[in-house]
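This report refers to the structure that appears directly beneath it.
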């Protein structure tokens, strides 16, 4: 027991490189105690850390150290000496791997981290040292050379492939699974090594310092083996929040040698449904905290959905509908019958995934997509069976292949097809379907054996912004005051030291828009952004958490907006999506840079109608949640005098704001300019194509150059470039957003809820606060405040785009807005987002990798 081997030391690589342009060596840099050396060393250390943390070696990488900066006054080249540290248990690392990663950054066409420096690639030298003794000293200023040039060649053997094996450790037999893999998270490579070291871990469990200590320790000693067909097995991990809870209870009892293994930074934040193992016993905690009313209430509160899938309305093994008190059998998925109230069980029956196993393992617990894949094989689901789309009938018919690909991308919420091709399928035990008749006007599928084992592979791009993808596209379901999961997928809760203090809005994978007032006067603290939550005290399975690592303030005069950077990008899903920005890009109808893109046919469906005894056939564009809306000629009656589908759609959404007593202003109208003529209606609030921001993930590449229209319906096209803005009239009548909402949190129920707003003149707000040139004023749309919601600083004002069912971010609150009793309602003042959109787009595009 007491002759256990000591843990392996860190793997240390010592390296040097020479900067020939962009930086110069001065004698002051030779002294490591000078402020100049410390600043320069910190800059280079951060650059190197970013390179490694964005590489394939980010898991074993532990950090870097600048050893020395030396050189000669003539020619002034600066030589950088540094060390790289790696975890010996995480992954095999070699000097050749490090050299290729650094050379890719040094010699690449688009350098990200050495952008303003020119480095001699021949000067790069990397060698591994033993890590014991005085091989490397952090305060030494001597360059690499001399005896270090004479090194012993280190022969490394490749790590044997990980494999699954039965869980044979008797102590952990009741953990809940029976297959594990080695090495585990403590570096044990076999059962014998685990048993020899087990007493230390049993002491932690016996200390009862953490209720779930047994589950936590066993999942690290005997991690579950996760296996997906053609890929190497992986060890299932625990979530960082689970580790932090264990550390809070047992941290003081941890032996010194175990602390490095239980560093919570090694474990991932939750990235979506079942991405890592969260703390168990959720339902027991709800009951212990007097929250039994949350059990079986239709809203997920537990990461494993145990508060909803053990209810009387759910049979054993059933799938929860996710947004209601209903479940359905696994073989009822995509069977043509609506089992969920919102029809989610018939949603995304044709999707995209790199492998079928990505959708089937682990077994889904809700019908929604846990993450969006922008490229992969076309995958179908039918009555619980999941498989791929065989290429039979599409090999020599590019038109059919492109049509199927575009229909698939649009149905999944993407604007463009990058490419589609036929690929060999190596995934075993796969079911297939094929196109029944490629020449038919309506595409349908039938089961097949697919002897060729070739499948359709599709790559999509430009994910639609501002879309509530959990809501059914074919039904106009109203939004309740109390938010349900997926209603506002771009809403973010910002926590400082686990305390909710602000809100924000997701604008890209890496950036959240909020207000700088959240961070004023705050000492250094850990900030966490929580995505996909409608209850702050719960931990829904689709909730994602990210650490905030930086902030950029708005340069716009009078604006308090700020963008905060996430440590790692979010994973887009049905519950986490970006919002649209409200600006109007002044650009041509088609970006000149995209002229070389091969056009693909737009998806159409063939509809037959029978009226007056006459059967006719006509092709209809699918509008669903797509960007394009019909023009003035289409938004009218059909040949029988009835409103067509698009007109009914627009009328349905304008019906909520027809009450004249509230004087809710009409939506802003936009006019598309194509070769000097308008292509959309000039009536305010009429149909038009509304743009998305350029140079950001939400941009689509066939946006028309648009222009606001005044309340009189006359477009102001006399400005330079043919586009300008109509000045407000003296009466204050100008184009405004309509169907706007802000989001707050209920005090009693800890639940996200919406407040319907209408935008008004600035004069009422000037009496309550100091307005700036960037301020906007709003009030409750129906003057009904029940004093139950409270808006946090950074909460958004989102308005429905005039052209379709997408939402845009129009404003943010600078300070906390408390509720007011009935009869003394006060107007609300927000910061405009439109003047900030160029800065937002530039910030996003500068960090797109």
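Each residue, glycine too, has its Cβ placed from N, Cα and C.
Nobody curates TrEMBL annotations by hand; they come from automatic prediction.
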With TrEMBL as the source, which of 592-614, 615-637, 638-660 is set down as region 'Disordered'?
592-614
Closest of the disulfide-bonded residues to residue 218 (disulfide bond), Cα to Cα, picking from 164, 225, 296, 334, 349?
225
Among 218, 225, 311, the one of these disulfide-bonded residues whose Cβ has the fewest neighbouring Cβ atoms within 10 Å:
311
Residue 172 (disulfide bond) to residue 349 (disulfide bond) - Cα separation in whole Å:
39
Would you mind splitting the domain 'SEA' (9-131) into helix, strand and coil residue counts from DSSP?
36 helix, 43 strand, 44 coil
Would you mind checking how many other C-beta atoms are within 10 angstroms of the C-beta on residue 164 (disulfide bond)?
16
Provide the three-state DSSP residue tally for the domain 'FZ' (159-285): helix first, then strand, then coil.
55 helix, 14 strand, 58 coil
Between residue 296 (disulfide bond) and residue 334 (disulfide bond), what C-alpha distance do you get in Å?
25
